[in-house]
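In what follows, a single structure is set out as structure tokens and then discussed.
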Amino acid sequence: MDQGLSTGAHQDTDGLRERNTRVDSTVGREALTAVGEGEIKDKDGKASKTFGRTPDGTVFTVPQTHDMVSQLLLPSEPKNFGDLVVLILLAGHIMFLWALPAGAKIPIFAVTYLFWRLAYNAGIGWLLHNQSHHKTLIRWAEKTKVFVNPATGENPHPKLYNWIKRELETKIPQDYSFDNAPIEYNTWLVFRRLVDLILMCDFTSYCLFAIACGHQPVDESILMTVLRWSAGIVLVLFNLWVKLDAHRVVKDYAWYWGDFFYLIDQELTFDGVFEMAPHPMYSVGYAGYYGISLMAASYKVLFISIIAHAAQFAFLVLVENPHIDKTYNPPPPRKRSSTCADSSSTLPTDLDTPTAPTPSEDQTPNATYSYSVKPPQPVHNLLGLHNLDLYRTTDSSIMLVQLLVFSITALTPSTPWYQLLFVVLAAISRIWYSVGIGYILRNQSNTKSWTRHFVKYGDTPQEAWNQWKGTYHLSMILCYSSFIAAVWKMYTFPADWGYGLVLFRHVLGAGLISLQIWTSVSIYESLGEFGWFYGDFFFDDSPKLTYNGIYRFLNNPERVLGLAGVWGAVLITSSGAVTFLALLSHILSLAFIQFVERPHMQKLYGRSLRQDAGLVKSLKRSLPPSLKQLHGSVDKMFDDSFEFIEEMLDNARPKLAAGVNTFVKDTTALFQKYPARVTIARIDADLAGFDVRDYALSVEGTSALSFEESEKNKGREGANARMPLDRRGDLKDLTFEYGSPIRVKWTAPLHHSKKDWIGLYRVTDNTSREVTRVSSQGRWVATNEGAYDNLTCEKGILTSDVVIPSSERQGQDPCEFASGEIVFAGDKLFWTQGVFELRYHHNGMHNVMAISRPFEIRIRRSDEDETISDGDSFVESAVENALLPVVRNCFDRDPEIAPETVDEQFGTLVERDGKFAKRVVFAVHQMFGIELAAEVVKADGNVRNLAWRICNAKKVLAPYSMSRSNGTTTPLEESKE
């Protein structure tokens, strides 16, 4: 329903803090969506047709439809049986509220509302998730043949067919034919009726619950009552406008998740509410819930509103966003070079992405130093718990600082002196974070002082950038840690939560804190690590502004929303000291934007800066002319004030600089003078008539060097065991390459169940040979298509039910049998080494009908002696040749991402989905004993760079290796001549 990512159908090219982010070549949901069945006027002013396109390419005319409220409540709209059912249910809810005793109304309607909310977010969410991934609703319609004309004799439900046809054609009298419409569109129309029922009951039960909880608080003044009702009505009206405007923009097509079923051949501009906020249907579109909570004056309504809102965000994150990314943001097609030479000529030359230097370069001590002004590849990010690395000085320092701050906070009493101490510490940390960091960035912008300092001592700009990131990150953590400590010291646990507005203040404060956290996450998602740490102050690399994420709607989200949490702390503590800290933080943040960010952005991007963001544009359009003029006067006043302050600071800068230089010199001299150092087995009951001897599995794959072949002649076995076994025919070892597809041939009786399936397991997973008791964890493939409401289980089916004549059935009863082939690849494999088997299961259950021969998945470990040549120089070509087939297997041999040559770049999906890089990391560790991070594989970008990195890592670690190539493991005294 929400089209949050569709709001930027046309993007501006100007703005403030969108810092030179990498531009994604893919398009958002706005490229092919929205507004399907709305009337679109052509150049002659006539209504033009809207065309839909099904996944199989069928093009059809999308008729115009109307929203559910109009269809239900307007007498002019045609009604059908489904409308009557919805109206009767709504009337039943109202009568139920009237009939219940006073003490039972609140709990019963709370349960009723939660039921409908669960049906919305969990029920509809489950249907949409499966429709997106497996086309489940379409497959149900195809299986039941409910949309097939009974005249063909194939529809087993002719009465149901006629009833659905009458219902749908009654609602859509024009441009619609039930018999001619594609099955996707008819399925969507039926799905709409279910959505209408759930949404109407959801909203009605919520309003009735609010009525049941509504009351007049004791001793509430008339003024407070008027303010409460006025604010509530304003929020409800705003919510109503958001819904109506959103429906005006996206129409029924997006309102009812039409793109889960088909797409619209149309690209339109999104405006109105979609310029104001991200995902307006799920964010500001729930403002009315809080307005109703105010009018009801009930914390019960408020808390259930928060639960509903949180469930809606979960629906967005788990259902809608994955579908949006899959449908509208696929990875761009990879750029293939015509020749290897062309490919090699475009290799990156960044420091963090080496290009296999020549031996002469490699022997030069400083050959790897590069003073490139290009930003380094993001390999080892700082932000996020998943990036925490205690081996890194910055991370360990941050952990120690936080441990120290919070330990002192917890172990000291909350006396006035300690409270003052923590408030002063928080104020100093904030001043350093805004003023100190701002001073460094301003000088970096003007004179590159930070980078020059490191270059002066022989370091690279990349080293300066890394040191800056650590400094900024530590300053930010110290600022917020000290603020939290000060808030904790000033906070007093309420003696009575029901007194006055205590509970309301805590709820609102927690909401503001959550808003700041969400804003920070959104900013980081939009800017990335490079923009978060102000990378364009350090690297001037073809600056180009892009506006995505939260920056579509706000130029500087950190100006207001980014500090909502500090004001939330003010509400929770009701402390003057915390209010002072919040005010100080806000003033310093605004000054930082005005005196540091804005001048740099104007210098870097010039006239391309955007004056008004989407939210401001929407508000300006709705303002009367007099208020627009007032807005311009206020802006001029603020600009004049900031110019005066800036001139004053410019005049005072020489004196301040002289004082700071004197202080630094004195301090440096002082330090130089005084240095200081269950699994449930589902047994099928209909096994009668099936003989397990009629089932068989055979396995084929890309052979690899077996363990026995690689370890023979080591002299560890007894004399009789040193000769290799004579393995021929069916006794030959099955050892396959890591990640290579496994082809399975199966045979079964002709009357075998169409729901049979084959799963992949470790040999040690199951002790029983008759029943599988361990989950396959998605590593299974159905033997026949269409047997399951799941597309994933059909990936890998090559052939099914190929009849094999009895003449080919040697040594068994002469009768025909069915056979087929499937392939296990990609996510259906175990991405590790070990011994595995395949199991054929009966009728969707876990009864085992056949088990394949065990086979081994193995990665051959590289012999160091084979990869070392004269002068202890690793032969990179050997490493490249060993890596290339493994990397191709790790990338599922997908031509869009798997390289054909060592110079060809990896596909963009490798950067999006971390599983591919992690597979390569495991293989490299097993082959060469080198442990790399997944980010390194992404940054290297091709096999040649990865091989170069492995060879250099081997050289660095060679002195610590225990291999024979590095001499004896225990140094011996050289014999004297």
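Using the three backbone atoms N, Cα and C, a Cβ is placed for every residue, glycine included.
Of all ranges given (1-23, 24-46), Swiss-Prot attaches the label region 'Disordered' to 1-23. Going by the topological domain names that Swiss-Prot assigns, ILE264 and GLY500 belong to different sides of the membrane. If you count C-beta pairs under 8 angstroms between the transmembrane segment (222-242) and each of 84-104, 276-296, 398-418, 507-527, the highest count goes to 276-296.
The transmembrane segment (299-319) shares the most Cβ pairs under 8 Å with 108-128, out of the stretches 108-128, 398-418, 470-492, 576-596. Of the two recorded stretches, the transmembrane segment (470-492) does not lie close to the transmembrane segment (276-296), with fewer than three CB pairs under 8 Å once pairs fewer than 6 apart in sequence are set aside. Through the fold, the transmembrane segment (507-527) approaches residues 17-19, 21, 278, 299, 302, 306, 383, 548-551, 557-558, 561-572 of its own chain, all at least 6 residues removed from its boundaries and within a Cβ separation under 8 Å.
According to DSSP, the secondary structure content of the topological domain 'Cytoplasmic' (215-221) in residues is 0 helix, 0 strand, 7 coil.
Sequence-distant contacts of the transmembrane segment (194-214) (same chain, six or more residues past either end, CB-CB distance under 8 Å): 68, 71-72, 82, 85-86, 89-90, 93-94, 97, 105-106, 109-110, 112-113, 116-117, 119-120, 123-124, 256, 289, 292-293, 295-298, 300-301, 304, 308.
Listed as Cβ neighbours of the transmembrane segment (398-418) (distance under 8 Å, sequence separation of 6 or more from its ends, same chain) are residues 388, 390, 473-474, 477-478, 481-482, 485, 488-490.
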